[in-house]
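Record features (Swiss-Prot):
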- Cys142, Cys145, Cys194, Cys197: Zn(2+) binding site (BINDING)
- 1-13: compositional bias 'Pro residues' (COMPBIAS)
- 36-65: compositional bias 'Pro residues' (COMPBIAS)
- 122-206: domain 'LITAF' (DOMAIN)
- 1-65: region 'Disordered' (REGION)
- 164-184: region 'Membrane-binding amphipathic helix' (REGION)
Amino acid sequence: MSNDPPPPYPGGPTAPLLEEKSGAPPTPGRTSPAVMQPPPGMSLPPADIGPPPYEPPGHPMPQPGFIPPHVNADGTYMPSGFYPPPGPHPPMGYYPPGPYPPGPYAGPGGHTATVLVPSGAATTVTVLQGEIFEGAPVQTVCPHCQQAITTKISYEIGLMNFVLGFFCCFMGCDLGCCLIPCLINDFKDVTHTCPSCKAYIYTYKRLC
């Protein structure tokens, strides 16, 4: 038999610990990050590269070949390549004073109106104002025959004649004296008619 000592038992005290051979055991749920090595002759980019700087939305990035439009003092945009002609320009909304053609102003005795005829020429027509119909004939234009006339008047018994007749009866005037107001034209109503076409125009009442 040989005198060599027996080989050490794998589980004996002289066996190296598992931690000494393979290091610390990995922690469950955690994996070591994979580090990619660059190929020979190339270097990794710096790690502090971030997103491009932020610019406010009101100032867009100009593109190559783009010419910004011209902005006037009042805030209006003008297309590129357009320039106003030189010379003084009045501000917007300003109208220089100057002589203007006379308009259709009303003259004495009536008011005027401008009427366009089919030929396109402007014609001034004078329209008479409303006349005051009273106890005397009036010069006017007949609304029926459209002629300049002087009205024809006639007298008719009206309300004022009856009121004066009842007043005479109340004061004791009998024996037909109450009919005296009906015989006076100054107390009667006045009717205006056209002497040409005999059409009725207006009735002037002494007492409404």
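Each Cβ is built from the backbone N, Cα and C atoms, and glycine gets one as well.
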Most Cβ neighbours inside 10 Å, all chains, among the binding-site residues Cys194, Cys197: Cys194
Conformational class of Cys197 (Zn(2+) binding site) under the three-state DSSP mapping: coil
Shell of the Zn(2+) site beyond Cys142, Cys145, Cys194, Cys197, same chain only (C-beta within 8 angstroms of their C-beta centre): Pro143, His144, Gln146, Gln147, Ile149, Pro195, Ser196, Lys198, Ala199
Surrounding residues of the region 'Membrane-binding amphipathic helix' (164-184) on its own chain - C-beta under 8 Å, 6+ positions past either end: 157
